[in-house]
Amino acid sequence: MNQAPKPNQPLVTHIFTADPSAHVFEGKIYVYPSHDLDHDGPSNDNGDQYAMEDYHVLSLDNFESPIVDHGQVLHLNDIPWASKQLWAPDAAFKNGTYYLFFPARDHDGIFRIGVATSPSPAGPFTPEPNYIEGSFSIDPAVLVDEDGKSYIYFGGLWGGQLEKWQNGVFEPDAGEPAADAPALGPRVAPLSEDMLSFQDAPQEIAILGEDGKPIAAGDEDRRYFEGPWVHKHNGWYYLSYSTGTTHKLVYAVSRNPMGPYTFKGTILTPVIGWTTHHSIVRFEDKWYLFYHDCSLSGGVNHKRCVKYTELHYNEDGTIRTIDPYPQT
Ligand code: FUB
């Protein structure tokens with residue numbers, strides 16, 4: 001049995017976890033993380049070190065209660081279209097069903113996004129036989145809006161292959177845009193009513209500076225890298241994401257879930273380890289940031305641990321920047 005979690009401390013220590021997508025389902029907090037593997041294989045910019053093979057689901061009744069690990073809820077061997085690398089997942093609830101959205105490489109080595117379903121938020125999840133038609137890249141995040149419409153956001157550079165899809169087809173040798181060209185944005189697609197397919201083709205989201213100009217690819221403090229998350233607060237859509245090479249979580253806002261979004265600032269300063277990946281969720285009357293670092297393994301990039309901390313808005317709707325290692 002795991003203890004009640006403390007802010008800025010690993011949620012669990014019996015397995016390595018990353019990429020937490022947190023949701024409130026049935027009055028509890030459910031966390032859908034990646035399950036990092038402890039291995040000695042190659043480590044590179046292609047992300048070969050992230051060789052994950054299954055998913056676990058974590059839950060807690062509240063922040064004073066112990067964490068429950070519901071065990072393995074989906075394994076690579078049960079997904080016909082996938083060959084390796086079960087990366088950052090997300091979950092959603094609609095039509096009385098829980099949906100787990102997840103990326104993996106298909107049998108040609110191309111990242112695709114799949115769906116698995118369950119009657120319970122704790123799984124186990126049964127995968128669809130094929131990936132979502134027209135899907136590509138990584139890091140799906142799903143918003144079920146107040147009007148019942150659902151949107152899937154996704155995309156990640158480098159190992160996540162987003163730059164290889166600039167022309168709508170997979171170009172294995174394509175690189176990032178020039179430093180002064182607009183950065184690549186995450187993709188968004190409305191989901192079909194049954195949540196199993198794209199209702200329309202994915203569109204690229206524009207992220208603009210306060211001056212209305214697109215953020216440039218060379219602006220690594222602000223440009224999109226991976227790990228999108230969209231939440232709604234006071235009628236505004238907040239798109240938050242990782243800047244990758246500068247290791248920050250930042251955000252932009254819009255009145256429209258499809259964008260364009262205007263860049264606002266930094267949510268989380270860099271953590272121990274290369275990647276950072278997060279979710280934002282409201283529980284009771286407070287907001288929380290779930291994120292990961294590599295502190296549990298002493299800084300090994302593919303052995304990460306999920307943490308949480310409270311998130312605060314200022315009066316004007318901006319988010320206060322969080323230090324992951326506060327001096328208490
Ligand atoms: O966990 C594998 C990859 O690392 C995720 O998909 C990225 O967001 C980064 O956290």
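Even glycines carry a Cβ here, placed using N, Cα and C.
No curator has checked TrEMBL annotations; they are predicted automatically.
Residues or ranges marked as active site, proton acceptor in TrEMBL: Asp40. Sequence-distant contacts (6 or more apart, same chain, Cβ under 8 Å) of Asp40 (active site, proton acceptor) do not exist in this structure.
The Cβ of Glu204 (active site, proton donor) lies under 8 Å from the Cβ of Leu184, Gly185, Pro186, Arg187, each of these being in the same chain and 6 or more residues away along the sequence. Positions annotated as active site, proton donor by TrEMBL: Glu204.
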